[in-house]
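Copied over from Swiss-Prot:
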TRANSMEM  70-93  transmembrane segment
TRANSMEM  156-179  transmembrane segment
TRANSMEM  195-219  transmembrane segment
TRANSMEM  291-309  transmembrane segment
TRANSMEM  346-369  transmembrane segment
TRANSMEM  385-411  transmembrane segment
TRANSMEM  433-455  transmembrane segment
TRANSMEM  531-549  transmembrane segment
BINDING   Cys573, Cys582  [4Fe-4S] cluster binding site
TRANSMEM  589-610  transmembrane segment
TRANSMEM  664-686  transmembrane segment
BINDING   His675  chlorophyll a' binding site
BINDING   Met683, Tyr691  chlorophyll a binding site
BINDING   Trp692  phylloquinone binding site
TRANSMEM  724-744  transmembrane segment
Amino acid sequence: MIIRSPEPEVKILVDRDPVKTSFEEWAKPGHFSRTIAKGPETTTWIWNLHADAHDFDSHTSDLEEISRKVFSAHFGQLSIIFLWLSGMYFHGARFSNYEAWLSDPTHIGPSAQVVWPIVGQEILNGDVGGGFRGIQITSGFFQLWRASGITSELQLYCTAIGALIFAALMLFAGWFHYHKAAPKLAWFQDVESMLNHHLAGLLGLGSLSWAGHQVHVSLPINQFLNAGVDPKEIPLPHEFILNRDLLAQLYPSFSEGATPFFTLNWSKYAEFLTFRGGLDPVTGGLWLTDIAHHHLAIAILFLIAGHMYRTNWGIGHGLKDILEAHKGPFTGQGHKGLYEILTTSWHAQLSLNLAMLGSLTIIVAHHMYSMPPYPYLATDYGTQLSLFTHHMWIGGFLIVGAAAHAAIFMVRDYDPTTRYNDLLDRVLRHRDAIISHLNWVCIFLGFHSFGLYIHNDTMSALGRPQDMFSDTAIQLQPVFAQWIQNTHALAPGGTAPGATASTSLTWGGVDLVAVGGKVALLPIPLGTADFLVHHIHAFTIHVTVLILLKGVLFARSSRLIPDKANLGFRFPCDGPGRGGTCQVSAWDHVFLGLFWMYNAISVVIFHFSWKMQSDVWGSISDQGVVTHITGGNFAQSSITINGWLRDFLWAQASQVIQSYGSSLSAYGLFFLGAHFVWAFSLMFLFSGRGYWQELIESIVWAHNKLKVAPATQPRALSIVQGRAVGVTHYLLGGIATTWAFFLARIIAVG
């Protein structure tokens, strides 16, 4: 750490009134581009309008102006998020059975949407229990609200109104910080101050205030709810905050106030800041006292982290110094120059953030079921399945986005003249070795993982079960995974003597938590079937990475097209007269990567859905006998491709296929419609541009004949536009089909 003289006083870092507010200008389509603003000559214009509206790089090359537009757009995004949240809370207040659910969460399903009786649609209002008819929701909001300490629909109303006010505030902020007081470029590039505010402010104080809310509001209210007190009898949140005696009745140490904190007698607080591990047997969720403790600890960590960097005082780390000191024996100049890249290329910065956030989202998916954080979440199987699936898809998209913006950085922002022998340059210089090795790994994984299944299908078809890879014949036990499970199951005794259970029941042991006769969670056994499908996961992930990484590393040049950087991020081919150079742009790699991301995530959510129904979810009798939804058939059925088709896809599709005439029939219609959307995509993906141009010209001829031809000349989609429309419908259709299949199934049987 270097101690320097204090920086001069804070500089004025905003420009006043830089851009005038003009509705006339905004009303003109394409005002951001000289070409598009001229108006349409052909139908390609509308596509270009959509493609470039948010591509701020194409509007101007001034980094300050681009930064301001992005900053302003972020406020717009936040405004939409607040609006959406407000809508969720409003539905909870106006159209839901939240108060009824709160009184009996094990027998009443959550619903916050009641369909109006138009053309018989009221059939969709199923009986969710407690005399309420509506659509069962699987978003997890009810469980979240209970954990927050919300006990009435009035409180939801107030929160909804609050969110609306914040939405308006964000909208105003977006306008204000672009048109009235726009930050200068230096402000966007002051990374130490940004770290200070984001770490200590957002994450540190954010976690601290949430921990405070949990201790003072959520914990006492949930304690009353768990004891069966009528929500209307429970004191209101502000009463707990203002009246310490109320809390002291539940947690005696509250009467001592902050004295134990300042006298370092912290164990006094162990009543409400616990370290138990495992799940609360009443609700099937993590102990809320553990969660409060966790947020307090996280707050302390981030408050410290936010004060490690040098801002206006001459003390602390400088990020540039840290990066430039980061050299290894084989990495040349190391991270020299990375600071400049990340403060002048927002694509590079965004790429890193998307990769991190995407990975984190997938980690969230895996923790939501293995450590269910909210009360009564674990026994709401529809919500569990939805949360897992949702976070897996989102994570997949974010990671593909990371590759997309890394490639855009390479094409638009990378300057090879100033980058020599740093880490990125060295990676680019041995990119052939990286990609060819990765390709070999993909071929190996593909043939071996798939080969194990094909072997099993063949042996099964020939009636030779004793020669199959299975837990009852040739075993391929996942020994490393089992070792990790076992280590974690035994951990509390050694690493955390105060904890009564391990972090998650899934690790192993004998504990089982059931709530209201339904299994919340139990140890998840791993066997040959998991070993096989795990290698399919490895295969699909590596292929996705191969495609995306090749797109990034060869974004500027390749042996085939040495001057690729001049052609831009997306282009159909390297001009006429150069055959075999189509579909090589960085954009095309993102396009292809999306399909493999879809493959990868599909296998993961199928694995999860079947494994949980087979080995975890189910009912428990008074004698303690567990009956799983599909009776533990995963271990023997999923070891053949035929088993996946017959016992998972076909057997579990019966609910969605037979949903007509029931309250689940909307899922049947979506299942059909989404298949159609998916099939529609193939028309764009399997067809050439010339075919459509010929067809269009015949149609234009007919219009001319009838004198109804439009002034704007119709054009076939370009190759890139066609592929964009194709992949969009492919993913939308595929995801919506899966959604309908999963939900109809799990709402019917769960």
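Using N, Cα and C of the backbone, Cβ positions are placed for all residues, glycine too.
By a simple count of nearby Cβ atoms, those within 10 Å, the most crowded of the binding-site residues Cys573, Cys582, Met683 is Cys573. Packing against the transmembrane segment (385-411) from elsewhere in the chain are residues 138-140, 341, 345, 347-348, 350-355, 357-362, 364-366, 368-369, 544, 548-549, 551-552, 555-556, 565, 568-569, 586-587, 589-590, 593-594, 597-598, 600-601, 604-605, 608-609, 612, 735, 738-739, 742-743, 746, 750: each is 6 or more residues past its ends and has a CB under 8 Å from a CB in it. Looking at Tyr691, Trp692, the binding-site residues in this record, the fewest other C-beta atoms within 10 angstroms of the C-beta turn up around Tyr691. Taking the Cβ of His675 (chlorophyll a' binding site) as centre and 10 Å as the limit, one finds 15 other Cβ atoms among all the protein chains shown. Rounded to a whole number, the C-alpha distance linking Cys573 ([4Fe-4S] cluster binding site) with Tyr691 (chlorophyll a binding site) is 18 angstrom.
Separating the Cα atoms of Trp692 (phylloquinone binding site) and His675 (chlorophyll a' binding site) is a whole-number distance of 23 Å. Each residue contributes its Cα atom, and for Met683 (chlorophyll a binding site) and His675 (chlorophyll a' binding site) these two points are 13 Å apart. Each residue contributes its Cα atom, and for His675 (chlorophyll a' binding site) and Tyr691 (chlorophyll a binding site) these two points are 25 Å apart. With a threshold of 8 Å between CB atoms, the same-chain residues lying at least 6 positions outside the transmembrane segment (346-369) that come near it are 66-67, 70, 377-378, 384, 387-388, 390-392, 394-399, 401-406, 408-409, 412-413, 521, 608, 612. Residue pair Cys582 ([4Fe-4S] cluster binding site) / Tyr691 (chlorophyll a binding site) shows a Cα separation of 17 Å.
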